[in-house]
Amino acid sequence: MKNTLIAPSVLAADFANLQRDIEMINQSEADWFHIDIMDGVFVPNISFGMPVLDAISKHAKKTIDVHLMIVDPDRYITTFKKLGADILTVHYEACTHLHRTLQAIKAEGMKAGVAINPHTNIMLLEDVIQDIDLVCLMSVNPGFGGQSFIENTYAKVKKLKELIALKNAPTLIEIDGGVTNKNAKALVDAGADVLVAGSYVFGAQDPVATIADLKVITQ
């Protein structure tokens, strides 16, 4: 039985009741916290800053998966380690020297992830895939929550899975954007290991039951 990891996206939480929502994730069957850091430059939106991440990490009892949607992420690698990140994901499109950035993340003791936008070619990762712990496939255009799922994501997952197998890499595949109970099983069948769910979880009447349902249908 496959253990698909579920990572609720805190971007979709109720910011006025953030501690309540963090405790909800702690008590649920979710595996990770997915936290989007946006700078208003790489993507148009601005999300959490350092103090909010610091506060979240003090309460979170599960793996903290930090997704940097920022320019020049290298400046902040050490900072995000100190703030509690277990996994640090940078965008392929934001890194001039990707291999060096990945090594810097690992040198701080974190897992190194690479996110790619919907229209970035998977094969651009061919020469670095063995150094990547996690590839985050954006299944919506990054920057805002609540967008609809981009259908060619399934084909990208399969292609990425083939590349990982070819290179015998340890890489997990994470899907970020528009994940619901309608597409979760198909994504896992295509090769996904981690599903990020934001609006679908936090917009539900019973988020804990919604997370449990995602766990059941993706096993």
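Using N, Cα and C of the backbone, Cβ positions are placed for all residues, glycine too.
Among His67, His91, only His67 appears in TrEMBL as part of the divalent metal cation site alongside His34, Asp36, Asp176. For Ser199 (substrate binding site), other Cβ atoms within 10 Å of its Cβ number 17.
DSSP assigns His67 (divalent metal cation binding site) to a strand segment in the three-state reduction. Rounded to a whole number, the distance between the Cα atoms of Asp36 (active site, proton acceptor) and His67 (divalent metal cation binding site) is 5 Å. If you check the binding-site residues Ser9, Gly178, Ser199 against His34 (divalent metal cation binding site), the ones with a Cα inside 10 Å of its Cα are Ser9.
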